[in-house]
Amino acid sequence: MFVPRSLKLKRNSNDDLKSCEAKKSKPEAAGLQLEGNRETLVLESVTKEAVTADRPGSASSTSSPSCQLAEVCSTGPDQGVKDSHPSEEPVKSFSKTQRWPEPGEPVCVVCGRYGEYICDKTDEDVCSLECKAKHLLQVKEEEGSLKPSSPQGAASEPESPLDAFYVYKEHPFIVALRDDQIETLKQQLGISVQGQEVARPIIDFEHCGFPETLNQNLKKSGYEVPTPIQMQMIPVGLLGRDILASADTGSGKTAAFLLPVIIRALPEDKTPSALILTPTRELAIQIERQAKELMRGLPRMKTVLLVGGLPLPPQLYRLQQHVKADTMLKMGFQQQVLDVLEHTPSDCQTVLVSATIPDSIDQLADQLLHNPVRIVTGDKNLPCSSVRQIILWVEDPAKKKKLFEILNDQKLFKPPVLVFVDCKLGADLLSEAVQKITGLSSTSIHSEKSQVERREILKGLLEGDYEVVVSTGILGRGLDLVNVKLVVNFDMPSSLDEYVHQVGRVGRLGQNGTAITFINNNSKRLFWDVAKRVKPTGSILPPQLLNSPYLHEQKRKEQQKDRQTQSSLVTGANLMDIIRKHEKSSSQK
């Protein structure tokens, strides 16, 4: 069966071919698009494919992929499958009758033509019945190659069904470790945990008892051993606990929350089973791609990606009519996360994950999380230790010249270079200047560009098509830009948390990288924060910053505030002084 790239329509289910649905040429989405010039609240739901029982009396409700391929090949190239709705286009039988895709359109996984349809068995884009049958044959062969071969006559223990109810139990190896050994392990890995009855960290993915298909997907995706945040966060998530987690940029946080989501969604009948909110479209697209890699071959597992800037019907085709995700999208991203989560069940598991945990997130966690486990790996709210940070004092008129010097420096210049600026117009102008002056291939990316343009630019960045990409903050959070070795903060970010995220585009998963930041008196309110959080990493700060009166004034105010806080605390040493002050003030009244 095919699923069109538009909203589902009711069909007669007499046979597999009649149930194929063609995509409407231009789905009407007026009034459903979000404003493209702002950051977007993104909703992603892990859903299940509906299972339809065979009708009694029928020999078989589905045919094998090879039979489907033979059936397609016996049909003329110009013959499509017509249904009871004469106003709609017939489903294309052969790939050669399908057109080539335009930029940003889905691509057939078999032949590369326009992916007009979606195979509901694999959730992949296909262009015709012919490519659907070929694709299913490929999937069947891949699944056969994953099955472990056993010697003839040897009794092989059957693997438990993937949709069997999963209960996480600590591996015997983990149980056998003493408490002091666990604490030593946490200290060596930099894992800090707060909470009641917290699960012990795992040391290997095999300690989780995942289905073999998921273990194979982990290896194919490059996950050999868990990172520190994954060691602690995965077992806690598998037990259904609420989590507030902070870890270095590029430390594997996405897989740390995706694996428990996938496992807990396997036996669920209700759809959707999980909702993931991200601050940018690009991060949502990346998370969905990683989820699909990990879910490949697992039964009835699907994803839905809902982002602003694209027509909603093609994104909503997998959701049942009773799901209210489209309503939440139309409300606009400016609604707070609290408003969205009010629509979720009261007993659902909630996980908050970030590279930085400011006070606002701590306050939000107190409202959202029930008996949470707080997990921190690395230095909280500090840049990743594998990133070499360089802070340069550069006045605004000299910024372009300094950037061109860096791009011409053979020791520093390692393309592709990611340059962050604070406004959209500045991104466009700086990108043009870089290409004109240095001759390097350059482009800009920001929220005013269409989603199709942004996707193509991001793809080009990852594939090395651009030597320099000038961006606003939309590329500053969560994205795995593994080939980026140099980041330049042309404009100092508005907060140290944003600085940590932007610097974190290099140094992914322990790789070395360099981040160069231009700073001047326009960022004077951040001087003390920079000194506190960047200097401990070994970075040399410019003397203009260290000798600035703004820095010394901010330092004095913070020290005074700390002294006031200390004096308000009641201890054995100051208890009598507090009593005397209270008696004196009472007698004066």
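Think of each number as a place in line: the chain as shown, counted from 1.
Keep in mind that glycine also has a Cβ here, set from the backbone N, Cα and C atoms.
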145-173, 203-231, 493-521 - the one Swiss-Prot records as motif 'Q motif' | 203-231
Please find, within the list 1-36, 109-144, 433-468, the residue stretch that Swiss-Prot describes as region 'Disordered'.
-> 1-36
As Swiss-Prot has it, motif 'DEAD box' corresponds, among 235-238, 307-310, 323-326, 375-378, to residues 323-326
GLY250 (ATP binding site): tally of other CB atoms within 10 A of its CB | 25
Determine the most Cβ-crowded residue among the binding-site residues SER251, THR254, using a 10 Å radius around each Cβ and all protein chains in the structure.
-> SER251
In all the protein chains shown, the tally of other Cβ atoms within 10 Å of the Cβ of ASP248 (ATP binding site) is 28
Once the DSSP letters are reduced so that anything not helix or strand counts as coil, what is THR254 (ATP binding site)?
-> helix
